[in-house]
Amino acid sequence: MHRLYMELIRMRFLTMLAYRVNYYSGIIIYAINIGAYYFLWGAIYGDQQQLGGLSVEQMTSYVAIAWMSRAFYFNNIDMEIAQDVREGKVAIEMIRPYNYLSVKTAQAFGEGIFRFLFFAGPGIFLISLIIPFHFPATATDWGLYLLSLLFAFLINTQINLLTGLFTFFLFRNDGMMRAKRVVVDLMSGLVLPISFFPGWAQTVMGFLPFQAVNYYPSLIFTGAITHGRAWELIGFQAIWMVVILVPILVLWRMARNRLVVQGG
Amino acid sequence: MQNVKHIFGIFADYLGQYFKTRLAYRADFLGELVSNLVSELINLVFIIVVFTHVPLMKDWTRDEIIFIYGFFLVPYALFSMFFGFWDFNERYIIRGEMDRILTRPIHNLAQVCLESIAPDRIFGIITGLIIMGYAAFQLDLSFHWYDPLIFIVLVVSGALIYGGVYTAIAAVSFFSDSRTGIAPMIYNIQQYGRYPVDVYNKAIRIVLTYILPFAFVGVYPAAYFLRKEVWYTYAAFTPLVAVVFFGLGLFVWNWGVRKYRGAGS
């Protein structure tokens, strides 16, 4: 069983490698986004030294690292699940001797590793040549960041599984998945560090899992917090991971009982 | 001309059919409307939150930026309604659906547009108008009697600019038979058009004006209504840019169709 999932991860990794055009266009997308926010923030700061507790330099490296983290945790498995359901392929998937959701997670992981190695790695190196950038100083700092990033991947993947599973009940939920994408980008701190939001909004977001997807690992990377606090954030991530697992399992159970295959 | 009229007639028929099928899944239809609204409002959140920290963004006030965003939503909604083939590469090239399209009696691009038409995106126009209305009220803008006409011309031009660029990029699939991943690229580039171009550096400004002219969808035309006279010339050029870029998109598409050999099984 363990070998099966390893193989799935490897297969997805190789698939990503095979579609090279996709890879180049991905690099362009990330360059576009980081560039857009880099200039936007430059214009927003203007002459001001500090906003929301961050200097303009800290902000630019925050933007860069947030996007690089996203390269690892981002995936489209909700769209893939939706397509499988719409086309009826999911019926075949369900009679196969593996867990469909774990398979999707493994595939997403293969994709994540690919992007992390070939996209985020070179990307962050190039960016560090152009804009002032602080890497974590010690091996412990790196370890904490990577651990937190792994949890970020798991939580984001769970959120995707959840939205993907809604296809079983709604038949078409493209709008929901699109909205989820922007909600996650906003509330995870990708486009705007959480510290920028007004106090009440920060309180509300404290009760939601989205910060765990990007803000926590990015904060750990910038070294703006102590090790103790970093462990605390990782603890929060672990709790969220367990919490989100519950609705996934419930929905998955319900989905299997009421599956209507439309295509095939 | 007869041909174009025929195509418009078919579009009307498809729209009618589409609403019937959409209303069959009523809950989802409603869900989709709400979701679209959320996506549109979230960008507004970014603007509002940022402006709680700063008074100006390169001489632009909060309400001006909100107005530009509201304006941008209108041509963008029109575009995403008629050019909904985000998955063109996957759906038509990799699966070989394009072969079927080529046997259809109307122009192949029109047929592809028809099959992926998304009329529910029309509500984006309403959201855009409300956002613009709010900003216009805050800014105390005044309008001439002919401004609505100019608005329509600029909006249609903006949608055609997107349509042209998107068609050209989708047509790349005809030349490469593998996945291209260009749809997300466009999805990401379009956001540059939402903010005043003068916040970006010169290279990006040139790209947004002459190469991927998305500034003509948001800032330039919106600047006319904001009475920013520095940008009037650009605003006036919007329809011309639309004609050129949509023509270019159509040209690349037709060229691609001639080159197309079929990759599906």
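Cβ atoms here come from the backbone N, Cα and C positions, even for glycine.
Same-chain residues lying 6+ beyond the ends of the transmembrane segment (A:21-39) with a Cβ under 8 Å from its Cβ atoms: 60, 63-64, 67-68, 71, 115, 118-119, 123, 127, 131, 191. Annotation comment: TrEMBL describes A:21-39 (among others) as transmembrane segment.
Annotated transmembrane segment per TrEMBL: A:59-77 (among others), in sequence order. Distant neighbours of the transmembrane segment (A:59-77): 30, 33-34, 37-38, 41-42, 45, 51, 104-105, 107-108, 111-113, 115-116, 119-120, 123-124, 127, 131-134, 149, 152-153, 156-157, 160-161, 164, 189-190, 193, 213-214, 217-218, 221-222; these residues of the same chain sit at least 6 beyond its ends, with a Cβ under 8 Å from one of its Cβ atoms.
Tertiary proximity for the transmembrane segment (A:113-133) is limited to same-chain residues at least six positions away from its ends with a CB under 8 Å from its CB atoms, namely 9, 12-13, 16-17, 23, 26-27, 30-31, 34, 38, 57, 60-61, 64-65, 68-69, 71-72, 74. Positions annotated as transmembrane segment by TrEMBL: A:113-133 (among others).
Residues or ranges marked as transmembrane segment by TrEMBL: A:145-171 (among others). Beyond the transmembrane segment (A:145-171), the same-chain residues lying 6 or more positions past its ends with a Cβ under 8 Å from any Cβ of the stretch are 69, 72-82, 85-86, 101, 104-105, 108-109, 112, 136, 177, 180, 184, 209, 212-214, 216-217, 220-221, 230, 233-234, 237-238, 240-241, 244-245, 247-248, 251-252, 254-255, 258-260, 262.
According to TrEMBL, the transmembrane segment annotation covers A:183-210 (among others).
Positions annotated as transmembrane segment by TrEMBL: A:230-252 (among others).
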